[in-house]
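K.L.:
Annotations per Swiss-Prot:
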- 21-139: domain 'Response regulatory' (DOMAIN)
- Asp72: 4-aspartylphosphate (MOD_RES)
- 199-388: domain 'CheB-type methylesterase' (DOMAIN)
- Ser213: active site (ACT_SITE)
- His241: active site (ACT_SITE)
- Asp337: active site (ACT_SITE)
Amino acid sequence: MSVAFAGNSTSGSSREAGPLRVMIVDDSVVIRGLISRWVGAEHDMEVAASLRTGLEAVNQLERINPDVAVLDIEMPELDGISALPQLLAKKRDLVIIMASTLTRRNAEISFKALSLGAADYIPKPESTREASAADTFHHDLIQKIRHLGARLRRKAAVASPPLAPASPPPAARAPFVARPAAPAPAANALLPGALSTRPFSTLAPKVLLIGSSTGGPQALMALVTELGPVIDRFPVLITQHMPPTFTTILAEHLARSSRRPAAEAVDGEPVKPGRIYLAPGGKHMRVVRSGADVAIALDDGPAVNFCKPAVDPLFTSAIDIWHGAILSVILTGMGSDGMRGGKDIVAAGGSVIAQDEASSVVWGMPGAAANAGICAAILPLNQIGAKVNRLFAGDRS
């Protein structure tokens, strides 16, 4: 999985204290003004620069030295997708959030940006009039800046631990007592053994449910490459926090990665093995009984956990169909979506696997499940596929 903040900065280490420095790069003066005002109103972040083109951002990056960049895709002189690799070449740990309107072309470019090292993307309102009243855009952007920036700070703290205090003069030095060294935990990291897991269900799973958010597209594409045997024999349903158009592109990427059929779910279609069903942007995906079959039910109701689609509606609806014969996986993402649904699955006799903190872009959703004590396993992304395959093959350990 490629993320923007892997590795060390070549332009100086990121600050471990003080507000996050945010560089805003957009050719719309209205958008720049709105984002500047929103960022400036937060106590833990500040506007480092407000620039009109990608070329300005590349040329001034060393002087500005931001922690986070909000980068528009369509700009004069140098567009966002062209500026992205140049910015990361100068500052490898820069967190870059791509901003684009909801067109198919921009969605495809956003996916390309993720593969080139962007940390995340955010859909931008179609017009400046919409932007000024875009509460969702405001909320989501600030949360992405905050959570992605916090992860950068934690990684920097681990990479550069505080210097030890100077040794006292020899006369004042205490007698030496040998003790095993204990590494200091990362900021906000959980101590080993602090998380408890429960046994996997003794019931054979009949369906695989997956929920994800920030960092999810990369994680999902990596995971489904390993799940061919499961997809062939069991239904696989995925909810990824994503807007319309973006989910269309994601489904196409999942089909290519898995080499199995994958598409946005359609209201009323039967749920069968052999394909991946993805919740479409802007709709909750549930499953319902339809005679002797199981069918998709799309829900245009209010957001759940600030999200639409949300993971909890899928998880809870599946219990009425498969009872405890459910394996659910919660991947990287902000917030706690999936935790309540995961609790219900466990109460019904099913199992939950969460992605671990080290391999998550943001350890919100999987962390909430892990801290709730509902997980049978908390694993790095590169171990989840093999575990899922074993569980569906009959291994309950």
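Numbering starts at 1 and runs along the chain as displayed.
Including glycine, each Cβ sits where the backbone N, Cα and C put it.
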K.L.:
Roughly how many angstrom lie between the C-alpha atoms of His241 (active site) and Ser213 (active site)?
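P.N.:
A Cα-Cα distance of 5 Å.
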K.L.:
When the number of other CB atoms within 10 A of each residue's CB is tallied over all shown chains, which of the recorded positions Asp72, Asp337 has the maximum?
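P.N.:
Per the Cβ count within 10 Å, the most buried is Asp337.
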K.L.:
Distance between Asp337 (active site) and Ser213 (active site) at the Cα atoms, whole Å?
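P.N.:
Here the two Cα atoms are 9 Å apart.
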K.L.:
What's the CA-CA gap between Ser213 (active site) and the residue listed as '4-aspartylphosphate' in angstrom, rounded?
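P.N.:
Rounded to a whole number, the Cα-Cα distance is 21 Å.
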K.L.:
Just to be sure I understand, if DSSP states are collapsed into helix, strand and coil, how many residues of the domain 'Response regulatory' (21-139) fall in each?
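P.N.:
Its residues divide into 57 helix, 27 strand, 35 coil.
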K.L.:
Under DSSP, is His241 (active site) part of a helix or a strand, or is it coil?
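P.N.:
Coil, per DSSP.
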K.L.:
Average the pLDDT scores across the domain 'Response regulatory' (21-139) and report the rounded value.
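P.N.:
Looking only at the domain 'Response regulatory' (21-139), pLDDT averages out to 93.
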K.L.:
Drop a 10 Å sphere on every Cβ of the active-site residues Ser213, His241 and tell me which sphere holds the fewest other Cβ atoms.
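P.N.:
Lowest Cβ count within 10 Å among the active-site residues (Ser213, His241) is His241.
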